[in-house]
């Protein structure tokens, strides 16, 4: 019997154990973050289970309501939102929540308040539910200055002040990718154990990628730098092979592939959406945080995405994120345009 191999198989690094190990390095930590994260993980497990049996349980289809973004809500959207709000409030570690599905900020009852703010999209890519494409949950966590005196300004912090961010992708497997500010790690749900196990330690995005991810259906409305970049991806003039286009239409799935294989994900501003389409607090910031922690970059077309200071909870922004060199190319094209327009 191979005891060494057997020991390796049973020495599983769960997400809770991983976060506890990280927290033990901070002598001031009291375990609050671990408790909060365990409630987020529980919410992810619940939604993963609901997604797996959505067709059988008749959770697919419209719930007959429209959310704050003007999108008709899917039944699974509504359920996922309820699950995460209840999980986060019951943790006793949050004081304010921002959800993509709720028009207003949720301020937690003072008796149940903790020191964290969580901004989340409970079910990103929900328009893909019916056809079985990967969908996911995105979240970002901030520390609040004073839990007894919480205001909207506690929510409207720049992304660079984020404490942790992550997403959970519900696809062929259920994968949770997390950063607490010391790198990025990926965990896969083992259905037999009911635990997220570390399967992708210390994720690093390649410095340059071979893939670009964008909705080319919007091409006629793009500005010059975006059009030039995509043209260069398709018809490079330096003798290099063209980049491959991969676009799913679910941000979690597109960013996950970009993170693992390299390349760039683009959702630019255009004539139809001059402020971009993706929401700052619970889409742009968490994904930018993860990308930078993995060695990549994020850019809005004007500045580093994490330097943005939002003025409202459902604010939108253009976003370019991915491999360092690819985003650098996009930044150079925008700088070139700014220079020529000021000349």
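The backbone N, Cα and C atoms fix where each Cβ goes, glycine too.
Quantities reported herein were computed from a predicted structural model and do not represent experimental measurements.
Features as listed in Swiss-Prot:
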- 71, 100: Mg(2+) 1 binding site (BINDING)
- 100, 121, 123: Mg(2+) 2 binding site (BINDING)
- 121, 124, 283: Mg(2+) 3 binding site (BINDING)
- 124, 125, 126, 127, 215, 247, 267, 277: substrate binding site (BINDING)
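Annotated features taken from Swiss-Prot, shown on the structure.
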{"residue": "121", "record": "Mg(2+) 2 binding site", "Cβ neighbours (10 Å)": "29"}
{"residue": "124", "record": "Mg(2+) 3 binding site", "Cβ neighbours (10 Å)": "29"}
{"residue": "125", "record": "substrate binding site", "Cβ neighbours (10 Å)": "21"}
{"residue": "126", "record": "substrate binding site", "Cβ neighbours (10 Å)": "23"}
{"residue": "127", "record": "substrate binding site", "Cβ neighbours (10 Å)": "15"}
{"residue": "215", "record": "substrate binding site", "Cβ neighbours (10 Å)": "14"}
{"residue": "247", "record": "substrate binding site", "Cβ neighbours (10 Å)": "17"}
{"residue": "267", "record": "substrate binding site", "Cβ neighbours (10 Å)": "23"}
{"residue": "277", "record": "substrate binding site", "Cβ neighbours (10 Å)": "18"}
{"residue": "283", "record": "Mg(2+) 3 binding site", "Cβ neighbours (10 Å)": "27"}
Compute the mean position of the Cβ atoms of 100, 121, 123, which form the recorded Mg(2+) 2 site, and then list in sequence order the other residues of that chain whose Cβ is within 8 Å of it.
77, 80, 81, 99, 101, 120, 122, 124, 126, 137, 138, 282
Mind checking which of 100, 123 has the fewest other CB atoms within 10 A of its CB? They're the binding-site residues.
100
Close binding-site residues near residue 124 (Mg(2+) 3 binding site), where close means Cα within 10 Å, chosen from 100, 215, 247:
100
Please give the greatest C-alpha separation between any two of the substrate-binding residues 124, 125, 126, 127, 215, 247, 267, 277, in angstrom, as a whole number.
17
I'm trying to understand the geometry here, so how far is the Cα atom of residue 125 (substrate binding site) from the Cα atom of residue 283 (Mg(2+) 3 binding site), in Å to the nearest whole number?
11
Please report how many Å separate the Cα atom of residue 277 (substrate binding site) from that of residue 283 (Mg(2+) 3 binding site), as a whole number.
10
Starting from the Cβ centroid of 121, 124, 283, the recorded Mg(2+) 3 site, name every other residue in that chain with its Cβ within 8 Å, sequence order please.
100, 120, 125, 136, 137, 138, 251, 252, 278, 279, 282, 286
Hey, does DSSP put residue 125 (substrate binding site) in a helix, a strand, or just coil?
coil
Residue 127 (substrate binding site) and residue 283 (Mg(2+) 3 binding site), compared by Cα position, are separated in whole Å by 16
Candidates 121, 123, 247 (binding-site residues) passing the 10 Å Cα cutoff around residue 283 (Mg(2+) 3 binding site) are 121
